[in-house]
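> Have a look at this one before I ask anything.
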């Protein structure tokens, strides 16, 4: 017997097709609706709010956000520095000697400020390399969160700018002028954060804990500080480390004359602020900042960034730019100025470079 075939009427075929379409619609309608909703939510509405902070693509860093958290880190670190000093619980101890043989001090203020600043920055930007003056004890880890808010003055002056995370190095100085801190010379003390991109300083934050003054600047962005209206190139006031005043004075007076003023001071951050228009009664004013020996990069990176943002210069004594990658030290001393002929200054002071090797 021949096999029997099954034949469907045209009506049956139509019903079968309709059932198939219904199944397909049921399967894919939810998916398509979800994709459409996602698309609509991803597109910012005209005149709507800014893109949420922290939304930079993976592998990149928004420098405006990094500036905001750097300012917060410097302030939070400064709170620890001030609290320890005012409570007189420094617990100071020697941590070694400088190349010049001076004893370096370490206090609770250094350590607590470092912990607060490091973990705040690391929590907000885990992919970024952070170099700090003090060692970070992983056993003493602290959770310090950032609420991702950006201060209004930064919002108004700085535009978002994304850079590869791998190109960024952050330098922290949790307590600049520790020696002066132990001597209760509070005006010299600062906390500092610097951001370098491909070795060039682009963000600088200098905070004075005991007066709550903060200077910040971003290269090709903006700042909350400015240069003074005039500087004296003929008889400059030169600010130097307290221990270097004698070395610099002889060379400077031979170059500029006996009227040249030498200002001994503590802290690299304080010295950079002396070149700027800072409305503080305890802030001295200078025209040039000179350092004639080896100095660590976390001491000078923030000041270098601020000066660059304002059109100033900080170089080695021979005029070379300082790179903020690699080793943590700068061998060639430094000379810093703003609104002056920096190249001419270096040419006038060639003996300073020789002095730096003595």
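For all residues, glycine too, the Cβ spot is worked out from N, Cα and C.
Quantities reported herein were computed from a predicted structural model and do not represent experimental measurements.
The following feature annotations were taken from TrEMBL:
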{"type": "BINDING", "residues": "133, 173, 175, 176, 299", "note": "Mg(2+) binding site"}
> Provide the number of Cβ atoms within 10 Å of the Cβ of residue 133 (Mg(2+) binding site), excluding the reference atom itself.
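There are 21 of them.
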> Indicate the candidate from 173, 176, 299 with the smallest number of other Cβ atoms within 10 Å of its Cβ, considering only these binding-site residues.
299
> Taking the centroid of the Cβ atoms of 133, 173, 175, 176, 299 (Mg(2+) site), which other same-chain residues have Cβ within 8 Å of it?
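For the Mg(2+) site, the extra neighbours are 172, 174, 177, 178, 190, 191, 192, 267, 268, 269, 296, 298.
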> Taking the Cβ of residue 175 (Mg(2+) binding site) as the centre, count every other Cβ atom within 10 Å, in any protein chain shown.
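31, counting other Cβ atoms within 10 Å of residue 175 (Mg(2+) binding site).
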